[in-house]
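Participant: Before I ask anything, let me first share the structure, which is written out below as structure tokens.
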Amino acid sequence: MPFVMAIDQGTTSSRAILFRGDISIAASAQQEFPQHFPASGWVEHEPEDIWASTLATCRAAMEKAGATAADIAAIGITNQRETVVVWDAASGKAIHRAIVWQDRRTAEVCTRMKADGYEPMITDKTGLIIDPYFSGTKVAWLLDNVPGARARAERGELKFGTIDCWLLWRLTGGRVHATDATNASRTLLFNIHTGDWDDELLQLLRVPRSMLPEVKDSSAHFGDSAYELFGAPIAIRGIAGDQQAATIGQACFSPGMIKSTYGTGCFALLITGATPVKSHNKLLTTIAYQLGGKRTYALEGSIFVAGSAVQWLRDGLGIIKHASETGPLADKSDSMQSVYLVPAFVGLGAPYWNPRVRGALFGMTRNTGPAELAHAALESVCYQTYDLWAAMRADWSGADAAPPVLRVDGGMAASDWTMQRLADLLDAPVDRPVIQETTALGAAYLAGLSAGVFPEPQKFADNWRLDHRFRPAMSQATRERKLAGWGRAVKGLLASDEGEG
């Protein structure tokens, strides 16, 4: 039985996982790489670190499984979205560090674009809003701030890509410059209705079309790896951005199904089907996947700080040594205290979209200690998810206007404390699957589908298995009181920004 190898290139580490044909995991490898913070609100990665860690983990996973290139039917790639690399087309060398999705350096540019009235047009075409989060203004910044970059781009000497595109270029030895529709849909340059790069958007951001990759289906033959990498070529047959890949790995194929992934940030996607639904509550309209030339759309809510709030407890405050300690510590908190953390460390994402505000704690007393801070950090993830859930309920008219169950995955989904509190605040069941490597599984599925290893989507969905269902156990009065307190905390933070303005 052949393997399918999934490359899961994330914000803090690169992983490779070998899946068997029955979707069980044969082997995996992971390698972290450095983060760079050259200025307040700036986040960068070295593109060579991303490539080196990806190649190393692929080789390590193959070695653990005793697999050769001949044993692998296909490679699937999933990646941190929106992160931008620009490189020299001839040498393959990046002209600057990658600008990461969390980076906020283009906030002033985005503010000016909004003031100039461009947002309605951009939202209509892309399903997105004007925000530093997305790739377009990052590319423009590189062209304007790296000496000679704009002239080189206009001469056709530079290539642009999200991380999937960069890895595909390196895997194929510089032979293939392509991406898939899910990654393209996150750039602020792609028209999600026509399925092509948009000339009006390219002109607005002054990005030459010659820089841009070909856009393909999420499940397709993108190219073959260079012979010298693995001892023989391996076909690369699937690509999707990490959140779309997780949606596929969670078998969310029917309209109304929703998943939420908890990694560095939190990202909820609700499948809306073949027709894009325009949000009236500051959610994003995005492409969930594209198969056989047909696009399936989703509503998405993006939260910038989820697991990184726990990292802050560990690395910033030093009150825990391991993330697994957070839930037991939160259990010890004083129930008489109502401490709220609004973790706007890099601004607020959906549904507020304010890149200027910064994090704040509300409700602290003289007795507030580590347990209360741990409690507030974990609850902040649940409150932010509630905000997305409420917005989705308001926007989605199918399935009685409310997704009945939330499927969860990612590192924080392993925290029973957090998942139970999430069910309590949503007043809805929260389902955690047996296979929690859903992002990698989604990438593997796309590749395996193209290679003929995995079945069509609905048959694949039959393989989804429940590990645990968390049911709401909080009284309505307590839920309403806690949500009202969160609402006041967010309102207070946003008011402080207005006061400074």
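Cβ coordinates are placed from backbone N, Cα and C, and glycine is handled just like the others.
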Participant: Of the candidates Y118, Y133, Y289, which one does Swiss-Prot list alongside T11, R81, E82, D242 as binding sn-glycerol 3-phosphate?
Facilitator: Y133
Participant: What residues, ordered by sequence, lie under 8 A Cβ-to-Cβ from T12 (ATP binding site) and sit at least six positions away in the same chain?
Facilitator: E32, F33, Q35, T264
Participant: Rank the binding-site residues G307, G411 by the number of other Cβ atoms within 10 Å of each Cβ and report the first-ranked residue.
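Facilitator: Sorting the candidates by Cβ neighbours within 10 Å, the top entry is G307.
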Participant: Using DSSP with the three-state reduction, classify S13 (ATP binding site) as helix, strand or coil.
Facilitator: strand
Participant: For the recorded sn-glycerol 3-phosphate site formed by T11, R81, E82, Y133, D242, which further same-chain residues have Cβ atoms within 8 Å of the site's Cβ center?
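Facilitator: What remains near the Cβ centre is N79, Q80, T83, V100, W101, R186, G241, Q243, G265.
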Participant: According to DSSP, which kind of secondary structure is E82 (sn-glycerol 3-phosphate binding site) found in, if we only use helix, strand and coil?
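Facilitator: The residue in question, E82 (sn-glycerol 3-phosphate binding site), is coil (DSSP, three-state).
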Participant: Which one of these binding-site residues, S13, Q243, Q311, has the sparsest Cβ neighbourhood, judged by other Cβ atoms within 10 angstroms?
Facilitator: S13
Participant: Would you please pick out, from the binding-site residues R15, R81, the one with the fewest other Cβ atoms within 10 Å of its Cβ?
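Facilitator: Comparing Cβ neighbours within 10 Å for the binding-site residues R15, R81, R15 has the fewest.
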Participant: Round to the nearest Å and give the CA-to-CA distance linking Q311 (ATP binding site) with G411 (ADP binding site).
Facilitator: 12
